[in-house]
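Written below as structure tokens is the structure these notes are about.
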């Protein structure tokens, strides 16, 4: 399995700051996600559309080839073009505290073979860009983008993706997409040092 960390958003709620490079407890957000995923996958990329030189210090970067902003689905498609494994995991750059077995949890949910896509649910909140896709879905990604369909949640619904409740999250439970949420996440009380099993 390969993985891509999605760091190419506009971050409008962050005042346009490049969210993946913002510090959280002494490390950039993107580093938290990479550190959690690397032991679980064969290859990690970062999908970004600015500051590629800075992101390259953490992992190989991929940039989507679309002339306009098409959101996280375009970042996933860019990684799919590089993926040589059967599965691709996508994770937003603002989701620290990932369980050490998050990949296994998503894979286990797909063990019956009834569908070839899944996405994470944290405390009943769907986190659509945090998804696992079989390579048989890659062509559908490109087709959706060509048709102007950019919403990840809508694309996953059309792919009959399975919602997977993720356990063992040991950091802030929602993606950190505002300055207030990022500031709150600096507080050690937001972090559970002993994730529930």
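Cβ coordinates are placed from backbone N, Cα and C, and glycine is handled just like the others.
Residues or ranges marked as domain 'MobA-like NTP transferase' by TrEMBL: 3-157.
Annotation source TrEMBL lists GTP binding site at 6, 7, 8, 19, 64, 94. For residue 64 (GTP binding site), applying a Cβ distance below 8 Å and a minimum sequence separation of six or more within one chain yields 8, 47, 49, 70, 74, 75, 77, 78.
Per TrEMBL, the feature Mg(2+) binding site maps to 94.
Taking the Cβ of residue 6 (GTP binding site) as reference, residues of its chain lying under 8 Å away and at least six apart in sequence are, in sequence order, 47, 72, 75, 76, 90, 91, 92, 93, 129. Across all of the domain 'MobA-like NTP transferase' (3-157), the predicted model scores a mean pLDDT of 90. DSSP classifies residue 19 (GTP binding site) as helix under the three-state reduction.
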